[in-house]
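Participant: One structure follows; several queries about it will come next.
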Amino acid sequence: MMNPQRNKFVRFNGNDDEFSTKTTRPSVSSVMKTVRRSFEKGSEKIRTFKRPLSVHSNKNKENNKKKKILRVMNPNDSYLQSWNKIFLLLSVVALAFDPLFFYIPYVKPERFCLNLDKKLQTIACVFRTFIDAFYVVHMLFQFHTGFITPSSSGFGRGELNEKHKDIALRYLGSYFLIDLLSILPIPQVVVLAIVPRMRRPASLVAKELLKWVIFCQYVPRIARIYPLFKEVTRTSGLVTETAWAGAALNLFLYMLASHVFGSFWYLISIERKDRCWREACAKIQNCTHAYLYCSPTGEDNRLFLNGSCPLIDPEEITNSTVFNFGIFADALQSGVVESRDFPKKFFYCFWWGLRNLSALGQNLKTSAFEGEIIFAIVICISGLVLFALLIGNMQKYLQSTTVRVEEMRVKRRDAEQWMSHRMLPDDLRKRIRKYEQYKWQETKGVEEEALLSSLPKDLRKDIKRHLCLKLLKKVPWFQAMDDRLLDALCARLKTVLYTEKSYIVREGEPVEDMLFIMRGNLISTTTYGGRTGFFNSVDLVAGDFCGDLLTWALDPLSSQFPISSRTVQALTEVEGFLLSADDLKFVATQYRRLHSKQLRHMFRFYSVQWQTWAACFIQAAWKRHCRRKLSKALREEEGKLHNTLQNDDSGGNKLNLGAAIYASRFASHALRNLRANAAARNSRFPHMLTLLPQKPADPEFPMDET
């Protein structure tokens with residue numbers, strides 16, 4: 001408080017130059033600071049106009065992040081269905097980790113006392129914590145998974161409720177308590193926190209606590225699997241994609257039950273051993289229970305425990321005073337309770353559980369101990385139920401792999417009975433059997449048309465495009481079409497199969513379909529209405545088509561189906577696409593692109609009818625050309641003969657003799673050519689002009705596209 005007063009006093013003192021100089025500098029700096037502060041305040045005021053927008057944008061970003069974090073998921077989403085499947089498998093696997101805690105106690109063979117395996121308890125705690133982490137994630141998903149309200153599920157999927165409060169209340173009232181009891185880390189707390197701080201023997205406390213803790217948590221874990229299984233089957237329809245995976249899952253469940261019973265058998269064996277020790281220790285003076293649990297101050301117990309708890313086979317016990325270990329004598333005699341080798345005691349106990357579970361506990365010879373009898377009863381009932389489920393599910397899953405083969409066998413049997421009942425000839429029976437076999441090889445018993453008809457229109461269209469588009473473009477006629485026209489054709493094509501020597505269409509029958517060949521070889525023949533001396537054949541391969549309906553489809557006045565002028569027969573197995581006349585008519589009326597001259601010229605080029613007509617037309621023209629050439633040659637020879645005869649009239653006798661010889665040679669040569677040509681003309685091309693096939697119809701439209 002002294003300095004400010006002094007500064008004020010000095011400010012009014014103008015005589016002291018030295019001091020005044022010292023005081024003026026701070027005043028200038030203070031003025032500069034005030035100016036600087038004013039500029040900063042002004043700039044801050046200018047910035048305040050933009051500050052609310054930035055704050056608002058930051059709030060929007062934070063809200064978007066919260067929305068992303070708190071986003072409600074649809075229970076029918078694919079990723080949530082995948083997570084449910086993964087968590088279901090993890091829940092089943094988690095049931096195999098909890099029994100590992102039962103293997104922690106073991107009998108120390110050096111002192112005949114009960115001890116704990118520190119290494120195994122650490123491993124068991126790590127596995128259990130890892131599985132519990134997935135349970136926590138699943139619980140978080142449950143708080144953010146919507147549900148379908150029952151009132152809106154009358155039609156369709158129903159309305160999804162996305163209110164966080166309703167979702168939380170629904171989950172808290174259903175499976176939250178079961179999930180919470182399942183993830184409580186009670187075994188870890190018992191092993192790592194409670195047991196080391198107990199004043200009582202650690203091995204005794206651990207044995208008693210682990211038995212009840214694991215059993216109490218095993219119940220909610222098993223109870224949670226069934227509703228989760230129902231949820232997976234409701235959303236995705238099935239848990240496993242293949243039959244072998246389903247069979248393996250059921251076999252794993254059976255082996256899991258064997259593992260659980262084997263671990264219980266191991267722990268109860270140690271408990272029976274401990275009870276025998278306690279009874280023996282109670283009969284001896286100065287014997288404390290601390291000696292039985294490897295106390296640091298304990299003594300060697302082998303001197304009196306060997307004689308007090310002998311390991312005698314239950315069938316050989318004749319004295320009631322001898323402790324009867326019953327079904328647990330095998331574990332004590334084999335030495336697995338005294339071993340710290342985990343694989344050794346795990347596989348031995350697992351084999352014991354699998355053997356007795358499969359035998360339904362028939363080989364178990366129990367003592368009079370009530371807990372042992374109840375344990376044997378549970379093994380018997382569980383083995384009966386699990387074995388029945390295993391056989392039933394395995395049979396169901398494995399039969400699903402051969403269901404198509406069985407259906408084919410039933411169809412063949414029905415076909416054989418029908419053919420026998422109708423007394424069909426052998427050739428027809430062979431053709432039917434061959435067709436069924438070929439159809440099975442191509443489709444494997446799947447009815448494609450029925451499968452596609454059950455799908456939505458857009459999905460069916462995309463599938464047809466994927467299956468047919470590449471094959472259609474192999475046909476040259478389709479290569480000039482645009483995508484819209486090809487899509488329309490793909491949506492209406494049907495796959496067909498023909499066996500060897502089967503007829504696709506016969507001459508004189510109405511043409512109802514167009515066949516586009518994808519695989520196989522065919523032959524197309526015609527006799528032009530059965531006229532004598534006319535026969536034409538053409539080989540059809542992949543990329544060709546038969547059944548010329550385009551001209552009929554382009555004619556708006558056409559009503560009846562055209563008559564086929566050719567017979568088409570399959571030389572090998574044929575696979576192709578069939579386009580019905582009605583579908584082609586619909587495409588032709590809806591898509592004017594089909595009326596273009598380019599497509600019609602290409603159609604003529606690849607049409608068998610047009611090719612046949614063109615070949616016959618060329619043959620007729622060539623024959624006319626040959627006749628004209630022959631007649632021209634005859635006229636030239638006649639002219640030469642005429643000139644020779646005229647020269648003979650003006651010449652002498654020698655020339656008359658040469659002319660006569662030349663005339664005779666010309667006459668014989670001409671007659672021979674005429675006879676040969678007439679015979680060939682009558683045998684090979686009788687009345688060529690009259691037998692020329694009729695030109696295929698080519699309707700012209702007033703509005704053609706170029």
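Cβ from N, Cα, C; glycine included.
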Participant: So, Lys118 and Lys344, same side of the membrane or not, per Swiss-Prot?
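Facilitator: Yes, Swiss-Prot places Lys118 and Lys344 on the same side of the membrane.
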Participant: If you count, for each of the binding-site residues Leu493, Leu557, the other Cβ atoms lying within 10 Å of its Cβ, which residue has the minimum?
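Facilitator: It is Leu557 that, of the binding-site residues Leu493, Leu557, has the fewest other Cβ atoms within 10 Å.
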Participant: Can you tell which of Glu509, Glu573 has the most other C-beta atoms within 10 Å, given these are the binding-site residues?
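Facilitator: Of Glu509, Glu573, the one with the most crowded Cβ is Glu573.
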Participant: I'd like the number of other C-beta atoms within 10 A of the C-beta of Val541 (nucleoside 3',5'-cyclic phosphate binding site), please.
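Facilitator: There are 11 of them.
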Participant: Residues of the same chain, at least six outside the transmembrane segment (86-106), with any C-beta under 8 angstroms of its C-beta?
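Facilitator: Apart from its flanks, the transmembrane segment (86-106) reaches 114-117, 120-121, 123-124, 127-128, 131, 134, 138, 187, 191, 203, 206-207, 210-211, 214, 217-218, 221-222, 224-225, 228-229, 232, 239, 249, 252-253, 256, 259-260, 263-264, 266-267, 270, 337-340, 342, 345-346.
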Participant: Near the transmembrane segment (248-268), which residues from the same chain, at least 6 beyond its ends, have a CB less than 8 A from one of its CBs?
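Facilitator: Distal contacts: 92, 95-96, 99-100, 102-103, 105, 207, 210-211, 239-240, 327-328, 331, 336-337, 345-346, 349-354, 356-357, 371-372, 375, 379, 382, 386-387, 389-390, 393-394, 397.
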Participant: Within the domain 'IQ' (611-640), what mean pLDDT does the predicted structure show?
Facilitator: 78
